[in-house]
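Trainee: Got a structure for you, written out below as structure tokens; questions coming shortly.
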């Protein structure tokens, strides 16, 4: 069984994340979405909210693809999380060259820690290359329209969270 781990903070989950989940589903038998507990990033949404959003959105993809998709909160090393969930592949999305430079370094470190776990990069589709959770939150805070970047449910949750609910 090919088990993959797609880690992220998902604060909030975007259409770019969902695109990677959909595309990874064609490559794997099971996908674990690792929701990182990253206190240094100071997420807007608490862990429970982020997990709930990821689950609500990924269940739709699981229903369409038949892939088993589960969420797994983690705050340990990514490579340890991969071992914990039985993943042999780490899935990462790339938007630009800057992402590649960082991810390339991470792959090197992860290979030193466990050379049996591979990392697979999926390039973001053109319409998703500019999407970043940080930018989506900033646009929402400044009154901009984020409907092109997140699902309607995530849009409502984000606007509610920042006090812009209609």
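A Cβ is built for glycine as well, from the same backbone N, Cα and C atoms used for every other residue.
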Trainee: According to Swiss-Prot, 41, 78, 92 bind substrate; which one of 9, 14 is annotated to that same site?
Mentor: 9
Trainee: Sort out the sequence-distant neighbours of residue 131 (ATP binding site) for me: same chain, 6+ apart, CB within less than 8 Å of its CB, listed by position.
Mentor: 14, 15, 16, 95, 124, 149
Trainee: When you rank 41, 78, 92 by Cα distance to residue 133 (ATP binding site), which of the binding-site residues ends up on top as the closest?
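Mentor: Checking each of 41, 78, 92 against residue 133 (ATP binding site), the shortest Cα distance is to 41.
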Trainee: So what sits near residue 78 (substrate binding site) in its own chain, CB-to-CB under 8 Å and at least six residues off in sequence?
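Mentor: The list for residue 78 (substrate binding site) reads 5, 7, 34, 90, 106, 110, given in order along the sequence.
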Trainee: Looking only at 9, 129, 133, the binding-site residues on record, which one has the least crowded Cβ, with the fewest other Cβ atoms within 10 Å?
Mentor: 129
Trainee: In whole Å, how far is residue 41 (substrate binding site) from residue 103 (ATP binding site) when you measure between their Cα atoms?
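Mentor: Cα to Cα, residue 103 (ATP binding site) and residue 41 (substrate binding site) are separated by 17 Å.
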